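Below you'll find the structure, written out as structure tokens, and then a few comments.
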Amino acid sequence: MHLSLLVPFLFWITGCCTAEDPVTGPEEVSGQEQGSLTVQCRYTSGWKDYKKYWCQGVPQRSCKTLVETDASEQLVKKNRVSIRDNQRDFIFTVTMEDLRMSDAGIYWCGITKGGLDPMFKVTVNIGPAIQVPITVPTMPPITSTTTIFTVTTTVKETSMFPTLTSYYSDNGHGGGDSGGGEDGVGDGFLDLSVLLPVISAVLLLLLLVASLFAWRMVRRQKKAAGPPSEQAQSLEGDLCYADLSLKQPRTSPGSSWKKGSSMSSSGKDHQEEVEYVTMAPFPREEVSYAALTLAGLGQEPTYGNTGCPITHVPRTGLEEETTEYSSIRRPLPAAMP
């Protein structure tokens, strides 16, 4: 009878030992400071639709839950820890980023259910960050090369201006013999002493040509202006009109009454007449004087053209030596209506 009770008990013990655990994972994982680590926890197919979580600390029933899924395959992240459930392969993955030395300790992979949750213990180890030596590359020594150039100048006198022809040549490098370099420097100073006088002569010649050109331009402008006498001649063709009033010649006291009576009839008729004289104008407004002689008392007034300068009219024996003066001025132009 005791044996019949012992056999079922042994079968129960064997079944319990061979049964599969609800959740499993790595017992220990390691990471470096300022780095990251990943933990994969497996579960049986019967726990597919349950929530999975990652908690820290001991004992396991009072550990601190860091992150938990929502029974789906969506990624859930909280602070530096994230979790994702792959319900096709029955694996949920936990990732810890920016690791610190204080993150080392005991963690648990767990599944939420009513009562006691199936859990699996994982030990996390954190090592110090690896110091990577910084290598500063050294620059190779810099070697400089000095090149001396010689400029040869040839002056050709086949034209009005000298032609400068320059030849370029390389006499040597700094890496060569020092004696050759000194010869090149001496040739350069020699060519410079020849080149400077040539350039000065060219500049002097250009200055001389410019002065000659300016002198010719001034002379041409003076010729174009012309002498002032031509301008005076151009005014001689103008006509000037002047009003002349004739005065009676002086007579003796005895004959004054006779002449006055004889001229009373003819003098009144011609007193208001106007004398016109064609005069050549002068550039300046000057006063001209004309010597006029009067004929007999019975003669009509005489019209005459007087040119400048006015000459004296010859006198006859019958005429009296009386000279009349008149002021002739050029009239002003009439204003426009």
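Glycine is no exception: its Cβ is also placed from the backbone N, Cα and C atoms.
Looking up Cys109 in Swiss-Prot gives a disulphide bond whose other cysteine, out of Cys17, Cys41, Cys55, is Cys41. Disulfide connectivity taken from Swiss-Prot links Cys63 to one of Cys17, Cys55, namely Cys55. Looking at 39-45, 95-101, 158-164, 284-290, the range annotated in Swiss-Prot as region 'Plays an important role in murine norovirus (MNV) binding' turns out to be 39-45. When DSSP labels each residue, the domain 'Ig-like V-type' (20-125) comes out as 9 helix, 53 strand, 44 coil, counted as helix, strand and coil in that order.
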